[in-house]
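Record features, source TrEMBL:
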| type | residues | note |
| --- | --- | --- |
| DOMAIN | 16-121 | domain 'HEPN' |
Amino acid sequence: MTAGAIAQETKRWLAYAQQDMDVASELAAAGKGYTHAICYHAQQAAEKAIKAGLIFAQIDFPFVHDLTVLKNLLPKDWQTRQDPTNLNTLTSWATASRYPGIAPDPTEQDALQARQEAERIMGLIRADVSQRGLTLI
């Protein structure tokens, strides 16, 4: 891929991540208790953001939902990789929040934490790619 194509694909993945984050935020603001959907979209936002970083760094990644596995593929000097946030709970929402009966329904606190963790990951990825030359608007 050319540098321009890499930049374009990275931005596309970041846009999809932002859309998932927007959905999670709008559902939370609606106050209807859709905690399972909020947690799912927050997880998806973080996953797509990390994958955007991997695309930018030209690192192949497996099609998995495990955020820790994906984060650990990032270059060692990236802030995102060095961030100590435990992503196990956020990772679990990829499946646990999609189908009834797999796990207890997420609470409002779970939904808030999922959104906060996803926003943190998205911010770190944006900073990492920006520091390495990607212009974000």
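Heads up, residue numbers simply count up from 1 along the chain you see.
Yeah, the Cβs are placed from backbone N, Cα and C, and that goes for glycine too.
Sorting the domain 'HEPN' (16-121) by DSSP state (H, G, I as helix; E, B as strand; all else coil) yields 69 helix, 0 strand, 37 coil.
In the predicted structure, the domain 'HEPN' (16-121) carries a mean pLDDT of 96.
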